[in-house]
Amino acid sequence: MKILKKHGLFYLLMLPVAIYFVLFSYYPLVKGLQTSFQDYKLMGARPYVGFTNYGTVWHDPTFWDAFRNTLIIGGGILIAGFLAPLIVALSLNEVLNRPFKKAAQLILYIPHLLSWVVVGGVCIFLLSPDTGFVNLLLVKLFGIQPINFLAEDSWARGIMIGSAVWKDMGYNCILFLAGIVAINPSLYEAARMDGATRWQQMRYVTLPQLANTMKVIFLLNTLGILRIFDQIFVMRNSAIASKVDVLMMYTFQKGIMEIRLGPAAAASFYVVLFTLVLTFAVRKMTRFDEV
Amino acid sequence: MKLKMTAVLSATAIGALLLSACGSTNEASSSPSSSASGSAEASTSAEPAGSSQAADTVGGKLAILTGNVGGKTPEGNEKFAKALGDKLGMDVTLDKPASDYDQKVLTALGSGAKYDLIEVSDLAKLNTFIDQGVVTDLTDFVKQSSVLSDPSVIPSAEWDQLKGEDGKIYGVFSKFQGATMPIVRKDWLNKLNLQEPKTLDELYNVLKAFKENDPDGNGKADTYGLSTSGLYDIQGIMSAAGLKYRYVMKDGKRTIPYASDAAIPMYEWFAKLVKEGIMDPNFVTNDTAKMRNLFLADRVGMITYWDAWVGMFNSLKQQENPNTTFDAEGMASIPGPDGTILMRRGDPDFWIIPKNAPHPDAAKKFLEFWQSQDGITLGSLGVEGYDYTVDNGTYTLTDVGKQANMDHGVPYWYNSSVKSPFPPLPGVEDAMALSKQYATLEVSLSTWPDAEKIVTNYALKAMSGQMPAKDAVAQMQKELKAANLIDE
């Protein structure tokens, strides 16, 4: 009570945000949990059916196909999407020409601002087998037959991973650069006095000092890998669906296309559960608590 | 002093937040009227109708959620809703989402939003809605209505489409739905001295000529013979092997002809087209809009699409250039081994009255009006004074009306006593005559969405040459049987 009196104004300021989260995050979450235990009909009685919906999803091979696709595509995005911006950030840090560095950062960051509708459309256009720039280039340079990148199983997942990494590279790169800038300059000075080369400075000063930033970025990216949706929704097609349909796509199809809201809600709670498990595993592996 | 200042600023900020929240709440609750008077892309509000008790008199208000009916622009939709309201003597709300219509319908129904009428275009969805307890039984209303029970308004046999498994009628047609067919560039056929193909070999030769003989005369090899949008409506060609899309029941057993051994040579035929560059290689990733644009841009000689679009294509090109030689023509499917021509009758567009409709009587009044001369004129030509004008009984389309192509949700209708004041769009009558002669509905069982994923996946792989057709069909059969989606 005393605390409330002392900091009442600040609690009051927090109230709109708290209401927002209760209304738009927690209420739907609880409602979704309730739906997952119901034989949910759009109108009329919605009897509770225990764990039937969870069982239906668990025994659906399509769900496990989607799970496998999610792990492969999400895992690819997680790893490549971590390493690529790190390498770029370390490289940019070595660039001394400031205007070039800023311009490079800006160009890298722009795709992050675009929606998947735009990026997906651009990718489909660029990868088109007849008029796409990539195929025109391949035909011109190597004289090979055009590749239908977005219709062939062997390319489908790679394209999804590559385009996702490209889109978000600028954002993660800026986070890494912010971490690099925060490193104490005296460490570099001491290294230089000890005769360290640029490479040794990067290896023995920058990377260890960046460890905490890396852990945070890796964990944040881990939280998102099971929730990939927009990209797949825009870029998938029936020919590659079996290779790229992810868990959220499965949920969407069950809920919106087939109007089976009970199993869809159950599937989404499996995603929540898997995300929790994955997050704890990553925390443990990266010793996140030691940050 | 500093603390006071902070308190004042904080109070102002909270006040502003609360006021803006109130503002947005009001906006949301009043969105029906704003959508009726504002936007073709109006978002679905939580309570589109009936929230105002004062105006909640039976017949006084009507809330409609539609995917096709209405104006083509926000301004056009506003005028359309106003004109509809004037004709019915009601305050009409017309919500017409610009995209993702099915999702909007589901969201509306799931959130408890109240509409008096919802337009649906999918018979499988109707069955789902019946199972989900969403739709009102309209059997008695239809039978007792002097308008709807009149066979000259809607032929009696057509009602079977809108019956549930219990034999009750759950919807009322919003327009006449035709069929899909191969649509060919007749002017290219004439230019290359080719006849309309009647066999698969003739079709191959025609498509090859479209690819290789420079039918657009620009001196470049930049045309394709055929384009499709995935597996969409290749029925016109699969007919050559006597294969009907979706399910076919044989002695009570579920079969999928596209997954049968008889489909193997057809997929091999398509793969040959792809390998020889005759077929648009983007057919796997094409949506129907891309396919249509390719056809309108003189890049392809044949596509597979709706009969109504034959007229639309010709009309659009003539508007663009009155001297155009562009001439699209609907074509019958390639006959099967026994001479049978298989064409696909599309699922109808129809209205349902949700069980939670606040004004079902108003909805029923609309359903009868929609089949009348006035309703059909509004649904086809649009709004008088905006889409068209009438001077001494002579109808003239405005520029806006010309762009709408006489389609405000009802390009074609059942009512045989209502005649259009304009001649039909070029080519459409012949195309529709084919539809009426040959097109039949498909059997759409509840397991089709799952089966379709398997069939489409392997069919596209076989057609694009990624997988031998024989292996693709074998894999289809294996997966369909394993998932209990076919019986043989």
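Cβ from N, Cα, C; glycine included.
Residues or ranges marked as domain 'ABC transmembrane type-1' in TrEMBL: A:67-282.
The annotation transmembrane segment is assigned in TrEMBL to A:9-29 (among others).
The annotation transmembrane segment is assigned in TrEMBL to A:71-92 (among others). Residues 101, 104-105, 108, 157-158, 160-162, 164-165, 168-173, 175-177, 180, 202, 206, 214, 217-218, 221-222, 225-226, 228, 232, 244, 246 of the same chain sit 6 or more residues outside the transmembrane segment (A:71-92) yet have a Cβ under 8 Å from a Cβ within it.
According to TrEMBL, the transmembrane segment annotation covers A:104-127 (among others).
Here TrEMBL flags A:171-190 (among others) as transmembrane segment.
Taking Cβ pairs closer than 8 Å, the transmembrane segment (A:210-229) reaches residues 70, 73-75, 77-78, 81-82, 86, 164, 172, 175-176, 178-180, 183, 246-249, 252, 271, 274-275, 278-279, 282-283, 286-288, 291 in its own chain, all 6 or more past its ends. Annotation comment: TrEMBL describes A:210-229 (among others) as transmembrane segment.
Through the fold, the transmembrane segment (A:261-282) approaches residues 32-33, 35-40, 42, 49, 52-54, 56-57, 60, 63, 67, 218-219, 222-223, 225-227, 247-248, 250-252, 254-255, 288 of its own chain, all at least 6 residues removed from its boundaries and within a Cβ separation under 8 Å. Taken from TrEMBL, the feature transmembrane segment covers A:261-282 (among others).
Panel annotation: around the transmembrane segment (A:171-190), residues 81-82, 85-86, 88-90, 92-93, 105, 108-109, 112, 201, 205-206, 209-210, 212-214, 217, 221 of the same chain, lying at least six beyond its termini, place a Cβ under 8 Å from a Cβ of the stretch.
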